[in-house]
Amino acid sequence: MTDRTHTAAVNGATGAPLWLLAELTYRCPLQCAYCSNPLDFAAVKEELATEEWLDVLAQARAMGAVQMGFSGGEPLVRQDLETLVAEARRLGFYTNLITSGLGLDEARIAALHAAGLDHIQISLQASDPDVAAAVAGSPKAHARKLAMARAVKAAGYPMVLNVVLHRHNIDELDAIIALCDELGADAVELANCQMYGWAQLNREGLLPSREQLETAEATTARWRERLAAQGRDMRLLFVVPDYYNDRPKACMGGWGAIFMTVVPDGAVLPCHSARILPMTFPNVRERPLREIWYDSEAFNRYRGDGWMREPCRRCDERHRDVGGCRCQAYLLTGDAAATDPVCSLSPEHHLIEAARHQAEAGERSVTGLTPRNVHESRVFCRR
Ligand code: SF4
Ligand code: FES
């Protein structure tokens with residue numbers, strides 16, 4: 001009996017996790033006001049040690065996980081990153097590094113390459129250095145990111161860039177895509193900011209208006225045509241913000257369905273944001289990963305559709321979108337079992353409409369956003 005069939009037999013319909021996201025640290029040199037890390041990250045003191053992470057990787061791979069993301073905070077802050085990458089690769093994971101590019105240099109790229117890292121994604125804040133500096137809270141980061149994007153490509157990796165869009169940079173999308181083109185990017189994710197963590201705190205100052213969004217979509221479409229006409233292979237992925245959809249996303253492919261996140265202190269979550277929910281999450285320092293995945297109350301609470309209420313309970317679409325996002329439902333309604341208010345059938349959809357309405361009127365200055373940093377996090381912890 002294979003590992004996978006054994007667990008399926010023991011645990012009924014629950015399949016193995018496919019994705020492991022290792023949030024190695026909450027430390028980060030930048031202060032992006034849309035960071036998805038928890039507001040109280042400063043309360044997390046003790047990160048898992050190298051040996052503990054190595055054990056997490058081995059356990060996850062033995063359970064059947066095949067995709068592995070290293071993120072944070074800034075994962076390059078961890079000096080054992082190369083060790084972890086090498087072990088993940090040896091175990092047979094496909095490995096991704098999700099980074100700001102700060103902490104990277106040619107020597108470190110070579111070391112990660114030698115360790116077997118498969119894929120690197122670098123984030124950019126803007127094309128305009130001033131906007132980038134204001135959003136990241138660092139005047140030097142932008143130039144460094146551009147240099148590292150080039151260095152990653154020179155090392156033989158595809159250049160994969162991620163740009164988080166919001167009301168302060170979305171109007172410069174044409175220049176952003178032009179910059180990515182000039183850099184020689186192979187793929188660009190134009191991901192409108194999703195409202196979790198610090199982004200939720202700053203939502204009023206980040207959500208674009210519908211007009212901004214439609215202009216950005218048209219700009220992306222024009223660029224796709226231009227690139228195709230030139231025979232230039234640069235993929236543009238445009239991710240619409242949840243707040244402008246009428247149906248929610250099938251968040252994480254379903255709660256505890258394929259995805260697990262291990263955060264810096266060893267807590268295990270079904271998604272990167274779940275720590276905000278009023279429930280206790282198990283920790284790899286206390287329980288084996290397999291037991292956490294299959295048997296913990298936290299991972300089972302929103303599996304399947306038995307937990308759903310009306311209107312989801314009898315909705316034909318419930319298996320397509322799994323009732324949306326539990327974190328978003330909680331952040332907006334205070335009830336994690338509520339229908340995601342993004343859905344136009346939700347009795348709370350007016351909350352989304354109110355946020356859209358507010359975005360029409362809001363100001364466009366980048367000042368006034370609360371930066372994601374230790375000081376602000378401590379202020380939040382004291383509340
Ligand atoms: Fe999805 Fe629930 Fe909306 Fe139906 S009512 S579309 S299941 S979120
Ligand atoms: Fe947590 Fe969607 S982000 S369930």
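Glycine residues also receive a Cβ, built from the backbone N, Cα and C atoms like all the rest.
Nobody curates TrEMBL annotations by hand; they come from automatic prediction.
Computed from a predicted structure; not experimentally measured.
Summarising the annotation, TrEMBL assigns domain 'Radical SAM core' to 14-232.
Look at Cys28 ([4Fe-4S] cluster binding site): DSSP puts it in coil. Residues annotated as [4Fe-4S] cluster binding site in TrEMBL: Cys28, Cys32, Cys35.
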Cβ neighbours of Cys28 ([4Fe-4S] cluster binding site) where a neighbour is any other Cβ within 10 Å: 23
Environment of Cys28, Cys32, Cys35, the listed [4Fe-4S] cluster site - residues of the same chain whose CB lies within 8 A of the CB centroid: Leu30, Gln31, Tyr34, Asn37, Gly73, Ser100, Ala136, Trp198, Arg372
All-chain count of other Cβ atoms within 10 Å of Cys35 ([4Fe-4S] cluster binding site): 24
Cβ neighbour count (within 10 Å, all chains shown) around Cys32 ([4Fe-4S] cluster binding site): 25
Secondary structure at Cys35 ([4Fe-4S] cluster binding site), reduced by DSSP to three states: coil
